């Protein structure tokens, strides 16, 4: 393990080839034939019976016996295979579907493939084309199969071929039989063979007419024996067309039918001995093996001696089912087996081979992809702010068990000798010693430790206890993202818990209410180096999801900082020095600034304390500049005042690391903010300085709060009397308004909102009123509370809770919401029996007017519990949903990485993106909103660190020239070439076809230049406003020596210079910072962006609410959001819950025009525009009369005449009404003559049978039921369209339903700007690029609606993965099997055994390139540090590189000399 140079390298598996074992292979690898059903030989003292299922030649399962083949014991012998010979062949359940497919493709008489020669040649040509991937190959094979199924007669022997299928569905005995329905052929006249066959039965049927119904069901039974003989006759050339590679011996179709069955080694099916009795419990496989042997021997005996055909078939069926259960016990219901005792009841299924592989606890997921590891510990965690953020306190008793193998060198020999002497029970000590030339470890618990220490040699390895400074990995499950496992330095402490700094809780999502965490100790120097550099806490302060800080101040730290930096915090010198020593352990040097207050005595402010925390002394390089709003920012009263004059000191300004205004709260110190102090230090001065500041802050706040105290009690939430009074007044007013609305509703006078009925309008209005009253009461409550109220302080500084929580405790709890509505009516039209029926009052529908302080009344308590229950269920369901979703995303994206040519590829080298995210930048390094540099902040920083009063300010044109001087050469490098390698002409530069991989870089330089030009323009505008020359252009040559500002008064010059002086130093520094950050933001090759992208989309899912509806601008036009929506998108669902087409109107200002278009789109039924539909019987005629409501048609702006309605009725295909039967009567009536179906009016003649009255009556009723649902206008798939008024006052049409193409083609709609939220519809109408864009847009929309910030690059990657094969593939087992060809990856995901059987049948090869395969085979994957090889230089000069002499060169030279 610790060797630097080894003589033998371990063998590495390059690839796997799958195939089925042929009968010869099964026998060849077998050590013994299992031929008896007896397991133990009773005469030989219950020894395992020879040739039985437990024969010791196949290995042993108990430690006392030894293997009869290799004479090894249980530890050293892996077991050996046996085999058993079946008396008759049986189908293999794994290849059953494939067997049917082969039979469908060949003639059931001569085994020739059912294709013509030309088809054969064409298909073979397609299959043999180089570079055909798995998806294409399976597509071609499906085409071949479909073509064969259509061929009715064999082209080789002329035999008739019908339909081949399974005899029955389900898990009965018939499910494993194949039948061939020779004569069944749809839509063709029957073959002459059928007539002959039917003719043969005529005489039989004449005597036995009851047999007639059975004759129809007569089919050809393709039993395994018959099928085997057919398969043997298949030509090798035809095998390729069936998807089998016949060049390999095991690639013949007959391989897929069992003739010999392998018996697995005994050690994988051990016998469990019973206590105090000689009996043993046998494994399911052993029991099944004995059953198979017994049944096979019965059949063999029957064949030898003669047996009735019925008995014979029953035995054969039983053998078939038993073998199927042995392989896959799910395929057969054990209760259906012939002779099973409990006729059709429930039987415990056995664990067949498939059951051992599949599922979470199966071999693949349980033992290969993930396993339990050594060198790990687990215990409860607790907080310790005195630790540095990159340390973890490890209990000494854990440190004594976890060891690290350290190699003895001349530098550490003395230390390791001391550790050996201490031994395993004293920390620091050692547990084991591995001598250089010995194989076995020596346990230091025993033996003479002094002697061992004395004889310690260089090169020995000592397994010593964990000690301070060792690198360990720390992890908390569930590991939702990369930062759930980080690397810390160990710190050995007493007591029994792991301790960590609270700043690091967020990435682990840990709290201290009993959480446990895991600790792992890497065992090699290389592993330690990788761990601390790649996974170290300091190097992971930001989340790769969006580049925001994730390790930052939390809870108490924020409260402490807020209290220290408050405006009224002043400290004398003693307190100040005490605070400074608190934050530094008393060993750091501080430069104390001058006090803020001199008289009556020296006082320093809390802001000065914090300034020292950021920059303790003049040796510290940290100079940060920052402007940011606090969490609660009240703007200054006058608009003319700057932000820092905020009424509540709510705007932070830091200049040169001095805090000038604002308090330290969550927005400045917490996580998730890109304008926080720690983020600014990190971006400008690196992670070490940010970590130092965070450590100082943790110590200071924890110790400060320990001294000051901070507690919350019942006093803090006791409302004052006037607050109670105000609350009651506000609630009463709201109740009164609600009562007025309810009265209007009951009278039917309530004005409805667009797209809503009266009840929905009432709910919306009452809901609005009640949420408003809660907000008002909340505001009153917050204003009434004292400034030093503990809950209020926590809510204000953002450490815990919100003002809503405070107002719920003090004033009013508010409306309880269940599934987005008020509490529903439970029984008898009311929510609870305490209220009248159909009551809509606030108190009966879940409004809680009490506060938590005053306590809830019983009905309120129940309503509150209902909504609490909903939240609980939601969380539980969501956990499972998002967990599965994350797993699917991870499996689909795991092997994507950035290569050295900047492309994003899968492990099989399929290109997914040409540059990651279009610009090749790392989301982790994004400073702005998905931009690599925040120009404003960088400019302020550059300006402040280069500011010097003596520097001369540049004129506007000089500013632009300086920028050109630096950016010009960079842009000149990025020239554009066309496809033939020629330079692109200047006028063609902006054409879409010349886009290349450097466009993003060009755009960055361009935006940088624009920013500098903006500064120059601002200066020019200021100069113009003061009567000076703008000078955006350089002056003419003849004027260059003259000062342009000569005539300007000095005071104007000075004022301009002081207001806006930009020196050359500032411009150069700014460009230097911006370009450095851009280069640093480039994505490193080898980054596992697929895995990070999957986690970045999966992890926010756990924080989203599950059942979320959102009103898209209009009430009752619900859009699904949250986890279900993300699930729909990534599953590429064909049917989604709320398909909405957003139609942009040509005339979007006019309400009437919008209504006209709505009428064209929304389906209008006859029932919507008809007064009545009545049946009329008179004068021997019967007809249906429909009266149309022309007024409604006019009001709805429907372009509809009565003739159109008549045409629509005749066109309704289901009604089958002739045009001649529909008559228009007058202006608004339509009459439809009614005749029985199939009866023609014109065929009435005297001889024709009169229609019976019943027929007419039934036809009349049928039409009366169906007529109201006839679509007379609009698109039939579209149930509803709503006119939505956007924020900018324009109107758009929101259309519910499918039919994007039809809506786009509707008059009055701008088709090119019409979109839908249904990805597959976009794909079918607009193509794959549009579908990709649609996926990205929809996921972005969903995430932003939940306030989740996810970098767009992750979402783009997901969109590309779903579409890069040219069709939209969902992230599901079906999509994944089309995206990836790797057998092991698919098998480790879902449907394990199906993929393995498929791989064996189609003889797939797995190149072992992807992540899953490498983990299963224990290899390094080609991602991250595995994506390159380190090659060492040999230092051999070229002169020394001469070819070696050949072995017989001297002899041949001598022979040549002799010949001469």
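Positions of Cβ are set from backbone N, Cα and C atoms, glycine also.
What you see is a predicted model, and the numbers here were worked out from it, not measured in a lab.
Counting Cβ atoms from all protein chains shown, residue 77 (Zn(2+) 1 binding site) has 21 others lying within 10 Å of its own Cβ. Reduced to three states, the DSSP call for residue 77 (Zn(2+) 1 binding site) is coil. Residues annotated as Zn(2+) 1 binding site in Swiss-Prot: 67, 70, 77, 80.
Sequence annotations record features per position, and here Swiss-Prot assigns Zn(2+) 2 binding site to 107, 110, 154 based on similarity to another entry. Taking Cβ-Cβ distances under 8 Å and a sequence separation of 6 or more, the neighbours of residue 110 (Zn(2+) 2 binding site) in its chain are 154, 156, 157, 159, 233.
DSSP assigns residue 515 (Mg(2+) binding site) to coil in the three-state reduction, outside any helix or strand. The Mg(2+) binding site annotation in Swiss-Prot covers 511, 513, 515.
Beyond the ends of the region 'Bridging helix' (858-870), by six or more residues, the same chain brings 813, 816-819, 823, 831-832, 834-835, 843, 846, 848-850 to within a C-beta distance below 8 angstroms of the stretch. The annotation region 'Bridging helix' is assigned in Swiss-Prot to 858-870.
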Rounded inter-Cα distance in Å - residue 515 (Mg(2+) binding site), residue 77 (Zn(2+) 1 binding site): 43
For the binding-site residues 511, 513, the one whose C-beta sees the most other C-beta atoms within 10 angstroms: 511
Entry from the binding-site residues list 67, 154 having the most other CB atoms no farther than 10 A: 67
Cβ-centroid neighbours of Zn(2+) 1 site 67, 70, 77, 80, 8 Å, sequence order: 57, 58, 59, 60, 68, 69, 71, 72, 78, 79, 265
Other C-beta atoms that fall within 10 angstroms of the C-beta of residue 107 (Zn(2+) 2 binding site): 24
Mg(2+) site, defined by 511, 513, 515: further same-chain residues with Cβ within 8 Å of the Cβ centre: 381, 510, 512, 514
Residue 513 (Mg(2+) binding site) as reference: those binding-site residues from 67, 70, 77, 80, 107 with C-alpha within 10 Å of it: none
Separation of alpha carbons, residue 80 (Zn(2+) 1 binding site) and residue 511 (Mg(2+) binding site) (Å): 52
Site with most surrounding Cβ atoms, counting all protein chains shown within 10 Å, from the binding-site residues 70, 80, 515: 80
Neighbours of 107, 110, 154 excl. site residues, C-beta within 8 Å of centre, Zn(2+) 2: 106, 108, 109, 111, 112, 114, 155, 156, 157, 158, 159, 161
Cα proximity to residue 107 (Zn(2+) 2 binding site), best match among binding-site residues 67, 70, 77, 80: 80
